[in-house]
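So that you can see what the record holds, here are the features copied from TrEMBL:
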DOMAIN    236-406  domain 'DNA primase large subunit C-terminal'
BINDING   Cys245, Cys325, Cys342, Cys382  [4Fe-4S] cluster binding site
REGION    417-436  region 'Disordered'
COMPBIAS  418-428  compositional bias 'Basic and acidic residues'
Amino acid sequence: MQFPSRRKRLINNAQEEMYGQPIQFYGQPPIENISLSEFETFAVERLKLLKTIENLGVSYVKQSEHYARKLESEFKNLHFPYREVDDRKVQTGPSEFEKRRKDHISHFILRLAYCQTEDLRRWFIQQEVDLFRFRFNELGSKQKLEFLHRNNLQYDTINVEEKKTLLDKLVSSSYAVSGITVEEQDFYKLTARSLPIVHSDERLQPLLNHLSHAYVGQDYSIQKNVGKISLEQIDSLSGKSFPLCMKQLHQSLRENHHLRHGGRMQYGLFLKGIGLSLEQALQFWRSEFIRGKVDADKFDKQYAYSIRHMFGKEGRRADYTPYSCMKVILSNMPSQGDYHGCPFRHSDPELLKQKLQVYKVSPSGINQILELVKGMHYQLACQKYFELTHNVEDANFSLNHPNQYFVESQRLLSGGVREPKREPETPHKTKAPSAAVEVPEVIEDLDSFFQDA
């Protein structure tokens, strides 16, 4: 007979205590061993959840019926806990314990990934605060008090008389949720509490760096579109179906007959993803560069290799993937003389406004875009640009990739039939034939990582 080790008993006891409720303050890091596969899966699924929270927070009034219904659908789809369950009912899928364990571990994984810059930290904390607020409001009054007292927060609800006395202040400090009055809401005498700091581990740094740039949509490196477009179409397509980042690169290339390395990589891989073949790419870049200060011989010696490298014909012969929105936004910041990057993230607001005016965006549309940019919702700003320039009220997809922008634009302009708008299993997600999660294969062993975190 085998008896559980003392360490295993301690872990089990700690988990039972920690996972007693569907939400927690994440005051204690996980202490168990997990596999690399589980590490990646948990991180990607929580990232999907936080992305949905960001999208819904811009599209709907927080805590409204529509907001709650769509977010609840995402919780169910990704198997995250969000309210107390009735043990008497038959449960399908992962157990409630497994959901709470995933919630706990995935929070700490993303905390490590998103603690590395101020922009990442701010984005992560905002989504986690909205996530906590939603789940806390899903608890009953008794469960809320139990949760607060369990976490050594000895706060009580404001009684009816106090609500009457503080009515004006409570109204001005609360979310305006349709159909719910101040009298029906619970209020607590709370003080701010910051998220605990967790330091990253050098063994996981490459993976954590990647997670903050992670893209979880369709894989545009698959070359099923090779030869689908011709060189003669590029100018026309750039005006109709290129996102602003690629339109900016194309225009700069045509005007200056040159792009620096960052621009060549971002634009070259995008063109590869929409269907430009290697032969066409070589012809495209050569013809443009020799119009500038680069002769044909210099091009063949200094630039042709990198183009063949993009297509996996040189070096380690990797099939390089077109850059996702997160990679464009967060990596290789442009400097003076560069034209790569995300115009919504890297352009001065006044310069961005001028660009949008050139592309015939209405003043009200420009204001909507600039408000999203001000809130650091850069992908949503680009999606709003798509809606305004394609004259659609709702794009009905969640924009995560420049090549996705192109595909959706072509589908609309070609009169392709879009699926009718409905309540999806995963809100604002576009079904794709294949999914790509860019995760570097650099971590061999994750045993005891969280013990040392």
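The backbone N, Cα and C atoms fix where each Cβ goes, glycine too.
Apart from Cys245, Cys325, Cys342, Cys382, the residues listed for [4Fe-4S] cluster, the same chain places the Cβ atoms of Pro243, Leu244, Val328, Ile329, Pro343, Phe344, Arg345, Tyr378, Gln379, Pro402 within 8 Å of the centroid of those Cβ atoms. The average pLDDT computed over the domain 'DNA primase large subunit C-terminal' (236-406) stands at 92. Counting only same-chain residues at least 6 apart in sequence, those with a Cβ under 8 Å from the Cβ of Cys342 ([4Fe-4S] cluster binding site) are Cys245, Cys325, Val328, Ile329, Tyr378, Cys382. In the structure as shown, the Cβ atom of Cys245 ([4Fe-4S] cluster binding site) sits within 10 Å of 26 other Cβ atoms. Its Cβ taken as reference, Cys382 ([4Fe-4S] cluster binding site) is surrounded by 26 other Cβ atoms within 10 Å in the chains shown.
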